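See structure below.
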Amino acid sequence: MSWSPAFLRSEDVERYLGSSSILLPALEKALANFSSGSEGGVVQPVRTVIPVAKHQGFLGIMPVYSASEDALTTKLVTFYEGMSPTSTAPSHQTTVLFFDPSNGSLLSIMDGNIITAKRTAAVSAIATKFLKPPSSEVLCILGAGVQAYSHYEIFKEQFSFKEVRIWNRTKKNAEKFAQTVKGDVRVCSSVQEAVTGADVIITVTMATKPILFGEWVKPGAHINAVGASRPDWRELDDEIMKNCVLYVDSREAALKESGDVILSGAEIFAELGEVVKGVKPAHREKTTVFKSLGMAVEDAVAAKLVYDSWSSGK
């Protein structure tokens, strides 16, 4: 009898995963397990990156096994910064391979773009829950791509901000964002205008040089730094990085992959999972940065939810 893995397209993943909020409990558990070392049962090497210099791209390979969920996955991600404006292919493309951990059989090949967008935003929401100032009224989003939309969705569900601002290098994309999402969003003409007085800042840009400067940031603000995922790319300047309390998803990955951390020489205070576990404090009263690089265990948690939902509905 022939057998082949289930192929789940982006619309399938969207249907079976639903709101990013459904991921929150499982992701908090996964973050805590990851930061528990061998006791947490997460086996996850740092992402392997294969440069494709000829075409200004790279292939990232992200395998993981999580004993708690009994989930075995590998995510493949490609990123091409030199994409032609006429190209119909997105700059980021991801695929998740979901295996049966008991025998190694490939159970499913999933579109990973929805998974990546939703799990990344959900982890930012977890960081914000722990680290944002007690009275947070103004949310600022820098960038207007896929991650901006996924972050806005879950942040509107989980928090009550009185004002939301957005900036994007191409202003028409910020205007499109404001017209598309539910709720009032103020489009700003500069980063400084957008971040001045903001309590929570989300950076989801394609920047390779700092765009956010410490002199503009309100003391005590919380920043979710999501872009700049290569060791020579940055979104935040030295003033922010050296004077903040710095949290990361993975110390090992941040010291290998994050230009914001490596080039500034900033000291990492804690992994987010350590805060979730309660072994490291959340310094709400200080300016905090959560540097998010994304982890394979986050993809595994989301992929398992998708697969279990799909298989139960067959």
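Don't overthink the numbers, they just go from 1 along the chain as shown.
Including glycine, each Cβ sits where the backbone N, Cα and C put it.
As given in Swiss-Prot:
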- ARG47, GLU257: 3,3',5-triiodo-L-thyronine binding site (BINDING)
- SER91, HIS92, ARG119, ALA144, VAL146, GLN147, ASN168, ARG169, THR170, ASN173, THR205, MET206, VAL226, SER292: NADPH binding site (BINDING)
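Contacts of THR205 (NADPH binding site) defined by a Cβ separation under 8 A and a same-chain sequence distance of 6+ are given as LEU142, GLY143, ASN168, ARG169, ILE211, GLY227, ALA228, GLU235, in order along the sequence. Comparing the binding-site residues VAL146, VAL226 by how many other C-beta atoms lie within 10 angstroms of each C-beta, the top residue is VAL226. Look at the binding-site residues ARG47, ARG119 and count other Cβ atoms within 10 Å of each Cβ; ARG47 has the fewest. Geometry remark: VAL226 (NADPH binding site) versus GLU257 (3,3',5-triiodo-L-thyronine binding site), CA distance 12 Å.
DSSP assigns ASN168 (NADPH binding site) to coil in the three-state reduction, placing it in neither a helix nor a strand. Spacing of THR170 (NADPH binding site) relative to ARG47 (3,3',5-triiodo-L-thyronine binding site) is 31 Å (Cα to Cα, whole number). In this structure the C-alpha atoms belonging to SER91 (NADPH binding site) and ARG47 (3,3',5-triiodo-L-thyronine binding site) are separated by 18 Å.
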